[in-house]
């Protein structure tokens, strides 16, 4: 059903309710005066809906995209030893749709994933076209990643991004496609008249520049225009339903998803995923009464569900006596949907009202780190070398430190909380309403051989070209967020004879490519490597989405701070100086990074000369940024003039060529006499835990790849209500609950699940237990779901 049809249906419904109320009053009411007032109120509501001043239909959606929590390499650090083995908290796809009632519409999807994937985008669009026809296409749908480095990999289609994941991982791919589609379906079905407000402000303590020596190579005159060497501004959209009030917010702020380190093995949305979880929980508890500090925990974070359920137990001795009557239950069969039914947040949603959706989106984060304390040598504790980020000449020892150092979970919480608090501030104060058309432009560009016209200093112009993709030596050095290995280092514009020999085994770049990429010394000539299929993308999508005076530039990579500034300024200048009155000084332009596909970094020409990690990862040569600016200016011009743009040659669909070397799950087993879900290590008998302490329980389990328990949970904390009713309080989508999976050896069919609950300061005193859900695989391939629970314990 289309948005305007929903609006019409709602109006008809209200009119019928008004009519029925009038009839009821006339025939049955003892007081016609009261009934007359009832009728007038309903009629007023009906009239208000009909003449709604909202310019848009708005709809938001959210769906679980948590991938395989075992055996799969994580995407981001390219560390082959970083294998998923549990969940920190779940990943989600969050979507909004904005439509003119009789006009165009746009879709924006924010993924708790490292980046968008061309193959994922292709398959999502295919599904949307099959369901909705031409309503949602590659033209008006943007899919963007937050750049967490703690999500399962293997879902991109180009070889270079699949090496550490041992090729394509179908399960990682499928859960993304399914989740994105379902989040968009939710948003579509939630379309209703509403308004959108925009606000922006500075967040000063959540980001630093991790390549300051490269940034300093930009012209001094340009740097003087900016107070900081990273963008400190957060821009937020607030979505307000005409009937329900606020239903969501999306914001854009630049900081890498690298608070969780390259050795972390728990699936996590990192700082942006944490911020989204905090804000959604905050709104569900507080709504518009967010300034009421009595509704927040003493730690400043949102209170959990335990605070909205009255607690009848207040005597610790009675609690202990009650807890001792609940010993650990043996593992038992469970239905496939049981973990979904027991989810905490599933119980919170009102059936008739959409849940609040909050997304913390990525922008020009290329050289921006959340490790705000700076980079230090692990051996000496001294700052790393400024130009090369090395320690005694070695990059492996140079690491950035987050604000919770040495605790990466605490760093993630702090950076997430700082973004959350700024978003709440902007959300509460947002007053500038978006007005104007909804529009979009999209095209495909072959960046491997694009002619770019540059304006010369002093007048005139010259034509240069981009290059086939290639990665420099400094790419292998990594960054201070996650250093590489061997003897690579950032700032290397010469290369190494030994690694050149290794490179030449794969592909020796020809002179034309070497000259085109100069001064980058080529380590991997990925754009010209085609076996067994393409190693890197050549054709990229670029896109502009417009909602009134708000403009989103969808870019398929990581722009550095200054690259992003130049692109935004170029487009905004063109829009505001067009003279057609559509765009004024209040035009807001944001970059949505890592959108629709992934092509690594975009550094400025000056930063490219330095050849730190970001410059070495700028695939298409020194004029990559100029190419983007040129092509986005074409899109913006078409947008201003209301003209179409050429679609361009689409990128290939390489699904049928994918290779996977990840071994499947053969079977699961337990020791003799043990069932799946049995407790292996229980809480101590008669135990009492204080808030802030950690409760740990270990269960006999099975491989999480058997069933991802999408929209469900592997771990659950339940609280006793009355004598025998257990109520869900925290699940594996909570920051305080960690699900860790392990097996004694790589080929062992036996495994265990360790569940750790760090008791929040806002938890209510009472009797609790920990529960585990899973699914085991038999030798013949059958899947059987199970559950088990710990002995009860007291939280005082």
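Every residue, even glycine, has its Cβ placed from backbone N, Cα and C.
Predicted automatically and left uncurated, TrEMBL annotations should be read as such.
Copied over from TrEMBL:
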DOMAIN    56-630  domain 'Neutral/alkaline non-lysosomal ceramidase N-terminal'
BINDING   147, 256, 558, 601  Zn(2+) binding site
ACT_SITE  369  active site, nucleophile
DOMAIN    632-795  domain 'Neutral/alkaline non-lysosomal ceramidase C-terminal'
Query raised in the report: Counting only residues 6+ apart in the same chain, whose Cβ is under 8 Å from the Cβ of residue 256 (Zn(2+) binding site)?
Result: 147, 210, 365, 368, 369, 370, 481
Query raised in the report: Taking the centroid of the Cβ atoms of 147, 256, 558, 601 (Zn(2+) site), which other same-chain residues have Cβ within 8 Å of it?
Result: 362, 365, 366, 368, 557, 593, 594
Query - Other CB atoms within 10 A, centred on the residue listed as 'active site, nucleophile' - result: 25
Report summary line: Cβ-Cβ distance under 8 Å, sequence separation of 6 or more, same chain as residue 558 (Zn(2+) binding site); the residues meeting this, in order, are 147, 364, 365, 366, 593, 594, 600, 601, 602, 614
Report summary line: Around the Cβ of residue 601 (Zn(2+) binding site), other Cβ atoms found within 10 Å total 23
**Report entry** Other C-beta atoms that fall within 10 angstroms of the C-beta of residue 147 (Zn(2+) binding site)
**Finding:** 27
